[in-house]
């Protein structure tokens, strides 16, 4: 009996130690949620954390680079072809066919072998109408952000022997369709960073990630001020009888502005009952693209009320545009904001460290960061 009591006591001690360890681990683990609209740069920030605090990208991700690159390039050329049709008045007869093919969609290239694809992609870049368009409209509103990165080195990137760099992978655009999570050490804590899909159709799934969130990193694209939401990203509305009887050529409704949608989402997240105790950090991303766009696309054309004259004033106006989304109840709530460039590793490292050091250390002691 005494032997059994000793065994039970030893087992109880082990269980107590295990529970204490789990409790301490939970206290030192900080859950941070990456939120924001589609194409804001959340996944790029997640990739940067993998580069900075983990082992970078796996061999499988390196090998899949060419597949994603080709799809990205076809998406870019689709937008370029539409832009050429809209903006270039004269297109050479021998160039019209390829422009029309790219403008009509992406499905036609399915089944082409890699060599044939390469020839098509490289010949597209050399066409006079495309060169003229890129020279006259380098900041065309619907042109994907990674176009200017991939264009100059496309011939090298498409080579099957080419080994991609971390920067090449950072510029890939791969829509997040599932919750991605990484865990890494920062100072004396473990950061649990969670990235969710930004498209409207995925937002209803976010609530499953809201439990125990210490801080929200809300990422907004500053360069989206002159962009509209994609048609597939707009909430589906019921078809009414009058819509069925309306003429087929009726004008389509104007799509919502992408920046306004992001600011509205920011306000909704601030008011979420699940996130009232969470610290909020606003990452105003793509500051480099924003600075390039402003001289060509004035901010006051898209956001009413702006009267500034330079990039600094425009940046400050956008920051206030988001911060005004606070309700009366949380008017004294501190929200930290930073201007970021998610593809710049040094910038992201500095900003993320500042966010953790200032916000988490000061306001989240209960979560274990001392």
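Each Cβ is built from the backbone N, Cα and C atoms, and glycine gets one as well.
Automatic, uncurated: that is what TrEMBL annotation is.
Worth saying up front: this structure is predicted, and the values here are computed from it rather than measured.
The feature transmembrane segment, as given by TrEMBL for the ranges 265-284, 285-304, 305-324, sits at 265-284. Of the listed segments 166-185, 186-205, 206-225, 226-245, TrEMBL assigns transmembrane segment to 206-225. Around residue 173 (GTP binding site), the same-chain residues six or more apart in sequence whose CB sits under 8 Å from its CB are 39, 72, 75, 144, 145, 146, listed in sequence order.
For the transmembrane segment (265-284), the residues of the chain that approach it from at least six positions outside its boundaries are 33, 35-37, 41, 45, 203, 207, 210-211, 213-220, 222, 315, 318-319, 322-323, 325-327, 330, 333-340, 351, 355, 359-360, 363-364, judged by C-beta separation under 8 angstroms. Rounded to the nearest whole angstrom, the C-alpha distance between residue 285 (GTP binding site) and residue 43 (Mg(2+) binding site) is 12. The Cβ of residue 43 (Mg(2+) binding site) has 174, 176, 180, 195 as same-chain neighbours under 8 Å, each 6 or more residues away in sequence.
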